[in-house]
């Protein structure tokens, strides 16, 4: 193998640049050429490839976003489009592709590998919704962003003696809400994986007031949604001023944390090692602080689990 390519796909995540840096420099270290693909699969089918060197990834390790830019590409589901992508890679002499993204990006890599392109996927998503790995690149940074927002909302909630609802990203995965709720000391955490009782929530808020609490923080995962409506209902029933804040895309931005940089660097280096071993259709993950590779098929088939014991602990200590 003489030449590889790398792209970022789907929603951006802090740490993607650190992963790009690791992939590029590890490949160059082993004498491989590296091509960067701009705008994910959409850029690939448009032939947006350029040669990368050490300077291309200089001083990006702590930058948020992705220097390659990213995009969603629904047409990549079409076989003729994927065949075009494979032909473009072949025309550039690219023998393997490293894909940094989420489950949709991995599916694209899996289908591309069936056309003879060696592929390896790195989990880059703030949602932490890939069950085969303990953590995804970007999750820790997003978590810290959310906790910072919760702490600031707590300041103003305390001043106004109100209830603050914070809606966070995560799609149908409640990990970001759960971890942020624990770290932010939220009185209630609402996630898609666990049943939610509005009456019990209102009871918790009122009991808090009886016990001397002057404010409450509620963290809601976007997979549940309805924060604005919930705020109106709480205020209507309790008479306590309640405000909802949807954090939105601020959760995807910012410089990656040290943990995300280290994780991205380890995973990026591992991706190149896996390709040099002749493997294909693999994804990189971390379990118990060990970096490993796994078949894409196997990884995508693992049913996502939710840490109910951690959720119960949060309920016990945060009320």
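Including glycine, each Cβ sits where the backbone N, Cα and C put it.
What you are looking at is a predicted structure, and each value in this text was computed from that prediction instead of being measured.
154 is the only one of 69, 154, 252 that Swiss-Prot places in the ADP site (with 21, 22, 23, 24, 25, 185, 186, 187, 213, 214, 215). According to Swiss-Prot, the residue from 11, 15, 31 that belongs to the ATP site alongside 72, 73, 102, 103, 104, 105 is 11. Record note: Swiss-Prot gives 125, 126, 127, 162, 169, 170, 171, 243, 249, 250, 251, 252 as substrate-binding, and the candidate from 193, 222, 273 in that site is 222. Secondary structure at residue 252 (substrate binding site), taken from DSSP and collapsed to helix, strand or coil, is helix. Reported as a whole number, the C-alpha separation between residue 11 (ATP binding site) and residue 187 (ADP binding site) equals 30 Å. When each of the binding-site residues 11, 102 is scored by how many other Cβ atoms sit within 10 Å of its Cβ, 11 comes out lowest. Taking the mean position of the Cβ atoms of 11, 72, 73, 102, 103, 104, 105 as the ATP site, the remaining same-chain residues with a Cβ inside 8 Å of that point are 9, 10, 40, 101, 108. Between residue 72 (ATP binding site) and residue 250 (substrate binding site), the C-alpha separation comes to 19 Å.
Considering only the residues assigned to ATP binding, 11, 72, 73, 102, 103, 104, 105, the longest pairwise Cα distance works out to 13 Å.
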